[in-house]
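In what follows, a structure is listed as structure tokens, so that the remarks can point back to it.
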Amino acid sequence: MAFFKKKKGKGQESSSTTPGKEPVQTIPDSNTLNQKKGRFRRLRQGLSKTRSSLTGRLDRLFLGKKEITEELLEDLEEILFTSDIGVATTQELIDSVQEKVARKELKDPEKLKIALKEHMLSFLNVGAVEHPSPGPGEPLVIMVVGVNGVGKTTTIGKAASRFRSDGKEVLLVAADTFRAAAVEQLTIWGERVGATVIKQDTGSDPSAVAFDALTAAVARKVDVVLIDTAGRLHTKINLMEELQKIHRVIGGKLPGAPHEVWLVLDATTGQNAIAQAKTFNERFGVTSIILTKLDGTAKGGIVVGISGELDIPIKFIGIGEKMDDLRPFDAADFVQAIFD
């Protein structure tokens with residue numbers, strides 16, 4: 001079931017064929033091209049701090065260099081590591097470069113930058129994590145998790161807007177019952193995007209809220225259920241167990257659910273985001289990652305680090321406060337926006 005409209009891959013164009021005739025290529029109109037350019041320009045602007053930190057330092061490192069030396073590679077390793085790409089991913093990148101240098105496939109420092117782009121792109125092109133699909137007549141159930149303050153509720157609201165734009169009936173579930181503000185915020189998002197919100201009194205059992213929500217979702221034949229959960233520190237075992245209870249109750253009510261588990265991470269936390277992702281993935285089997293607040297940090301390299309270490313796809317990135325600033329992640333556009 002395609003809950004988001006799939007975009008054509010780069011280089012693919014729509015065509016129509018008539019027997020005995022050559023395919024007729026459809027050329028994008030100027031408005032479409034201008035919109036695409038505008039979106040990329042906004043992405044590039046949102047990643048400006050990361051581009052300045054990573055690419056700016058790479059350009060200064062390579063400036064005037066005639067050959068790739070051990071000293072240059074050591075400096076490169078430091079730049080990658082301090083850009084929050086992560087120890088393991090940085091080492092893998094450096095090892096790959098060293099192999100090419102040893103085989104004399106890579107000699108020019110300027111071409112080293114191109115090689116880095118290609119390697120980073122390979123880390124980011126992660127395949128989808130296998131997960132159950134909704135049965136006939138059942139809603140797609142998405143459980144959204146993450147620590148305090150990462151922007152889960154806002155992410156849910158913006159994702160709901162995308163689903164609604166695709167013509168889907170959406171149910172929002174306020175399972176963060178410990179914060180009255182969280183329920184209120186989700187209610188406002190529901191009104192804003194035209195989605196029903198299931199909620200109970202502050203302090204109610206979040207598992208009971210989720211159970212009632214799924215009962216309502218099936219009865220109302222909604223397409224998508226987005227479950228907001230309380231922020232949980234990944235280091236607090238008892239709090240994580242409360243989330244696991246919600247997960248179990250959901251699966252008991254609707255076998256196979258939650259069909260997806262979205263982990264929301266704050267990009268400004270850098271390497272701590274990788275530690276969070278590992279813990280949540282071990283507990284819940286995360287199917288997608290959403291990275292928020294990329295516009296406010298120079299630590300955008302964390303996107304590469306998470307993909308490289310966890311092999312979990314990035315679904316969305318947040319580059320601002322506007323509704324469309326939560327955007328589907330495109331690996332090629334991301335790398336181009338940082339390096340070019």
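Placement of Cβ uses the backbone N, Cα and C atoms for every residue, glycine included.
Listed in TrEMBL:
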BINDING   146-153, 228-232, 292-295  GTP binding site
DOMAIN    313-326  domain 'SRP54-type proteins GTP-binding'
REGION    1-34  region 'Disordered'
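Sequence features annotated in TrEMBL and their locations in the structure.
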residue : record           : Cβ within 10 Å
G146    : GTP binding site : 26
G149    : GTP binding site : 11
K152    : GTP binding site : 26
T229    : GTP binding site : 24
L294    : GTP binding site : 25
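Counting only same-chain residues 6+ beyond the ends of the domain 'SRP54-type proteins GTP-binding' (313-326), those with a CB under 8 A from a CB of the stretch are 42-43, 45-47, 124, 126-129, 151, 155, 158-159, 161-162, 262, 267, 288-295, 303, 306-307, 334.
G146 (GTP binding site) falls outside any helix or strand according to DSSP and counts as coil. Across the domain 'SRP54-type proteins GTP-binding' (313-326), the DSSP tally of helix, strand and coil residues reads 3 helix, 6 strand, 5 coil.
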